[in-house]
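According to Swiss-Prot, the Zn(2+) 1 binding site annotation covers C19, C23, C35, C38. The Zn(2+) 2 binding site annotation in Swiss-Prot covers C109, C112, C130, H133, and the record cites sequence analysis as its basis. For C123, C125, H139, C141, the entry in Swiss-Prot reads Zn(2+) 3 binding site. Sequence annotations record features per position, and here Swiss-Prot assigns compositional bias 'Polar residues' to 60-76. Annotation comment: Swiss-Prot describes 82-94 as compositional bias 'Low complexity'. Feature annotation from Swiss-Prot assigns region 'Disordered' to 49-105. The feature zinc finger is assigned by Swiss-Prot to 13-47, 103-149, with sequence analysis given as support.
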Amino acid sequence: MGSEQNDSTSFSPSEPKLCVKGCGFFGSPSNMNLCSKCYRDIRATEEQTASAKAAVEKSLNPNKPKTQPQQSQEITQGVLGSGSSSSSTRGGDSAAAPLDPPKSTATRCLSCNKKVGVTGFKCRCGSTFCGTHRYPESHECQFDFKGVAREAIAKANPVVKADKVDRI
């Protein structure tokens, strides 16, 4: 009797199911019976299609700069008491806020191709280097340090020439 209760309350071991796409790997129910690779591929394509749709919608409906007549129309709509239209215009403004473009940071030394991560040194020539190649002499920098310094000094200290004195 006791064993019957344990059998009914415990989970029966089920055989692992193969991936639905038929790649040969085992799928899991949490991934819609797909293996991890197929699931990751499907998610990536879904994200790409969603971003493509958003880009198409954005190109079809470009954001126009606000001008005075449009602002006056929004004010008149707000005065008329249509709270739903004023809230919808606010929601549209927050969605139209420009996104910051992703920064492309160099994570490898230009000379030895070593990963530098956060500890990379940025040279005035515009490249990132590791601790060994951070000095201009070690990475054969083509940046003209002397020329830039001369220009900075000349700009900071303008030459003052006195007028010539007329002889009597």
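Positions of Cβ are set from backbone N, Cα and C atoms, glycine also.
Other residues of the same chain near the Zn(2+) 3 site, with their Cβ within 8 Å of the Cβ centroid of C123, C125, H139, C141, are L110, R124, S127, F129, P136, E140, Q142, F143.
Considering only the binding-site residues C23, C35, C109, C123 (Zn(2+) 3 binding site) has C109 as its nearest partner by CA-CA distance. Note: C35 (Zn(2+) 1 binding site) has non-local neighbours C19, K21, C23, F25, F26, G27, S28, i.e. same-chain residues 6+ apart with C-beta under 8 A of its own C-beta.
The Zn(2+) 1 site is defined by C19, C23, C35, C38, and by the 8 Å test on Cβ atoms against their centroid, the other residues of the chain that qualify are L18, V20, K21, G22, G24, F25, G27, L34, S36, K37, Y39. Within 10 Å of the C-beta of C123 (Zn(2+) 3 binding site) there are 17 other C-beta atoms, taking all protein chains into account. C141 (Zn(2+) 3 binding site) sits 47 Å from C38 (Zn(2+) 1 binding site), counting Cα to Cα.
A simple way to gauge crowding: the CB of H139 (Zn(2+) 3 binding site) has 20 other CB atoms within 10 angstroms, across all the protein chains here.
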